[in-house]
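This report refers to the structure that appears directly beneath it.
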2 protein chains.
Amino acid sequence: MSTTLKFTALLLALKAELVAQPSKYGSLWPLPQKVQLSEVSFKLTSSSFRIVDAKDSTAGPSCSLLQDAYRRYYEYMFGIAKRQQLNKGRRTGPSELTELQVWITSPDSECDSYPSLTSDESCESLPHSYHLHRVAGIQLVYEDEYGAKSINSTTISDFPRFAHRGILLDSSRHFLPIKVILANLETMAMNKINVFHWHIVDDQSFPYLSRTFPQLSQQGAYHPYTHVYTPADVKMVIEFARLRGIRVIPEFDTPGHTQSWGKGQPDLLTPCYSGSKPSGTFGPVNPILNTTYDFMSQFFKEISAVFPDAYVHLGGDEVDFTCWKSNPDIQKFMDQQGFGQDYSKLESFYIQKLLDIVTTTEKGYTIWQEVFDNGVKLKPDTVVHVWIGGGSNEEMGKVTAAGYTTILSAPWYLDYISYAQDWQKYYKVEPLNFNGTEAQKKLVIGGEACLWGEYVDATNLTPRLWPRASAVAERLWSAKDVTDINDAFSRLSVHRCRMVDRGIPAEPLFSSYCPHEYKGI
Amino acid sequence: MSTTLKFTALLLALKAELVAQPSKYGSLWPLPQKVQLSEVSFKLTSSSFRIVDAKDSTAGPSCSLLQDAYRRYYEYMFGIAKRQQLNKGRRTGPSELTELQVWITSPDSECDSYPSLTSDESCESLPHSYHLHRVAGIQLVYEDEYGAKSINSTTISDFPRFAHRGILLDSSRHFLPIKVILANLETMAMNKINVFHWHIVDDQSFPYLSRTFPQLSQQGAYHPYTHVYTPADVKMVIEFARLRGIRVIPEFDTPGHTQSWGKGQPDLLTPCYSGSKPSGTFGPVNPILNTTYDFMSQFFKEISAVFPDAYVHLGGDEVDFTCWKSNPDIQKFMDQQGFGQDYSKLESFYIQKLLDIVTTTEKGYTIWQEVFDNGVKLKPDTVVHVWIGGGSNEEMGKVTAAGYTTILSAPWYLDYISYAQDWQKYYKVEPLNFNGTEAQKKLVIGGEACLWGEYVDATNLTPRLWPRASAVAERLWSAKDVTDINDAFSRLSVHRCRMVDRGIPAEPLFSSYCPHEYKGI
């Protein structure tokens, strides 16, 4: 027996040449702010283990959000296939953990409300009794050598470094079936990502089915029935996200990136001219017509009702002035307004009016950095989204110096792929690595990994996103000094196998294997 | 009605700004050598359509290979879900095609044998009567605007430009579940790829379960039960491939790339020394022991029986001499043999003996280019596999000047990924673009796309391989002058959606959509 054990140890040592040393933090991802590990282990059995509301918890059985989480985590722990009937009469073993007590301490349990920028995401776990806000700690469960589910006595004190930890998915360049969106929301929750930035429409297609303007998707979607998000779809996405502590921030990008809008909304886009005649093609939203603003008022009124989050993303990036320049009516308007040949003033004119419209819906707004760069007057609580690579540190400095809240995406464009372990590049980013005061640094509320859709659809989105986005997730959650790349490699390797085990095709970091390989193709 | 049609046409015109113009060859991929299209169309209905053996065909109902293909193609045409009961009494419409006659003309129908380098892959199709060797022409079926399956009268005369059109998959860096291998064999057939180069073992793991040396996988696989290919698995892969006209060429790479072999076969690898003592680590196969050659004789005797193809790939790449140099016994042997300090002579010594061993099994062999570069004496029918990027044209010139048959992989390392449409880079390769005589060019029997496994497993292999490997497939099948990249883009876009429709997660080329998006995640 002893010989066998030694032999196994030798084999493991040989394998260690090819794989990383295990981390003392096991597979925790993202790494909690404080972890105290102990050698004392307890067994868990599906027939006895229960997740219960602590006596003094401010949330109880009527909190569907919690009950839903209990089921989800129970299934993560014991698997769906192996679940046994709960056996209440069974005598429990001496070193068996039979109860996870969930003790919500905040006065507002947020059971029925939506997560927000100010939601309390902190949690404490103590040996035997867990105080939790959103359920955590499940990553501590492991299988011992006999396959028994076990957990070591561990004290965790955890909270996120940044409040806004997002992922942008683009459902316009390619339509993303609801199934794909839900699977990725599930995976976001596994990585403590709490914002789904839904870049829902763009030039290529308009899959959002608007109740007020149904012709937008009728004409602008790739297909009016099979490639649209119905009101019920949108509702399902928002509720699925809410139950996992994820905010859904929709982006309706204007005045550029709007080719698909023009198909169902005549006169919304600027007619481009070739010489003295309209060429038949269209440019950005037409900023000189009153009908444009009537449309936007009605449209954003609907959006503000459909999407419960306090913020909406208004885009504002990459406005091409060529078409505006070609159009004689636009030129006349420029003269009247005294804009000269400065088309960024026309852009600002449009955005300013749009912001006023959205303000009446009582939403806050996020805009891409160009809107700030062009000097548009913004409300003080505007969130400026920094995305342009090269010079993004300077931009972060400027935006925060002007007093605006900001989120960073420039180093995290995950649609740009390269050979080998590019997750390390994302991991090494330090979001506050710009010149600025402490007050300025406080204005950085977080960041987002962006997976633009030119080369991504249901066939390859999930493995391309995970675990590369997990690197961003840890950077935004864990303490600033969590930078050991070898330790991260080890934890992330196991975390990625955990995602695979849960049915998510998260791609490998490097040569190795998972105990249970992905079951799909 | 006419108005509606015009309106539809206008919409299509608008969409055409964003997607490529349709090709006059529709979705044919790879493009046949000769195609004559006609406007005359026929309808196909699942209830009446039959695929039958032509009267004078040399193969009939007893040819299971053909019957299997008939079923596969019938299901491709009409789908599994929508299949109706065959209705023999039904009166057929005037422009309905009810029969595909398959007329095998070769005296050897190859129904029960394995495909080989000399298999006849040519086919002719005539309107109403098809002469086919391996079934083709299915890509001509389309849905008209009412969803009716239709086919235009078309004359095709087709044959491959190169006989060897392969894909290398690596099941050592990551274990590839059988399901993944089969799905990719199916997709290879859709792209007329006819060689599966199975790089089955390497340093990282030894998943091949050898009947003669079961300890190789017992000790050398990532896991001895869940991460191995049993004899039944291997048999299934070979038969699945055979039914699709695909050869399975296994690679057992030696003397380098063999770390995993050493775990289950003591003394097979060279002990490395640190100073005067063994360091505990191991290098390439030990070329100075008789036991090594005894082992290889038995091992390759098994391999030659298990894998029916006439060729086996023996590797021979990237041999690191560091360990050999450190070992005093090796040094003594070098002196005895008069090799001086030229370790490539020792490598040649080993390979020469290995080739003699494999020759006794009556297999041909393929080797990586280093074996040729190092001057090993090769049998005239050896296939030299050119893989080193930079200078591969010169290498092709040298190898063929020496009279050896060759296959090209250097420009087609699909594990190297980059942003945007890299399929175009693979597509633009011209394999015969090296200096040499016509006789030399004839020695190039084809090429292989290689998807090495460091960063690829079940989670991401399929979308990373397709449709990028489709570009290589057309280059190796179609005529040399088929180089119109826009036409290729258009055909490949539809071909990729066809793969998606058949359940294969082939990734998108660019912003666009498929009528039926991928159903998985």
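These residue numbers are counts, starting from 1, taken along the chain as shown.
Cβ coordinates come from backbone N, Cα and C, glycine included.
If you check TrEMBL, you get these features:
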{"type": "ACT_SITE", "residues": "B:Glu318", "note": "active site, proton donor"}
{"type": "DISULFID", "residues": "B:Cys63-B:Cys111", "note": "disulfide bond"}
{"type": "DISULFID", "residues": "B:Cys272-B:Cys323", "note": "disulfide bond"}
{"type": "DISULFID", "residues": "B:Cys497-B:Cys514", "note": "disulfide bond"}
{"type": "DOMAIN", "residues": "B:28-122", "note": "domain 'Beta-hexosaminidase eukaryotic type N-terminal'"}
{"type": "SIGNAL", "residues": "B:1-20", "note": "signal peptide"}
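Same-chain residues at least 6 positions away in sequence with a Cβ under 8 Å from that of B:Cys63 (disulfide bond) are, in sequence order, B:Ile104, B:Ser109, B:Cys111, B:Asp112. Under the DSSP three-state reduction, B:Cys111 (disulfide bond) is assigned to coil, being neither helix nor strand.
Taking the C-alpha atom of B:Cys272 (disulfide bond) as reference, the shortest distance to any of the recorded positions B:Glu318, B:Cys497, B:Cys514 belongs to B:Glu318. Spatially close to B:Cys514 (disulfide bond) yet at least six residues away along the chain are B:Arg496, B:Cys497, B:Val500, B:Asp501, judged by Cβ distances under 8 angstroms. Spatially close to B:Glu318 (active site, proton donor) yet at least six residues away along the chain are B:Gly256, B:His257, B:Glu370, judged by Cβ distances under 8 angstroms. In this entry, nothing among the recorded positions B:Cys63, B:Glu318, B:Cys323, B:Cys497 has a C-beta under 8 A from a C-beta of chain A.
The number of other Cβ atoms within 10 Å of the Cβ belonging to B:Cys272 (disulfide bond), over all protein chains shown, comes to 17.
Look at the disulfide-bonded residues B:Cys111, B:Cys323, B:Cys497 and count other Cβ atoms within 10 Å of each Cβ; B:Cys111 has the fewest.
When the domain 'Beta-hexosaminidase eukaryotic type N-terminal' (B:28-122) is classified with DSSP, helix, strand and coil residues number 15 helix, 19 strand, 61 coil.
A mean pLDDT of 84 is what the model gives for the domain 'Beta-hexosaminidase eukaryotic type N-terminal' (B:28-122). For the recorded site, B:Cys272 (disulfide bond), the DSSP three-state label reads strand.
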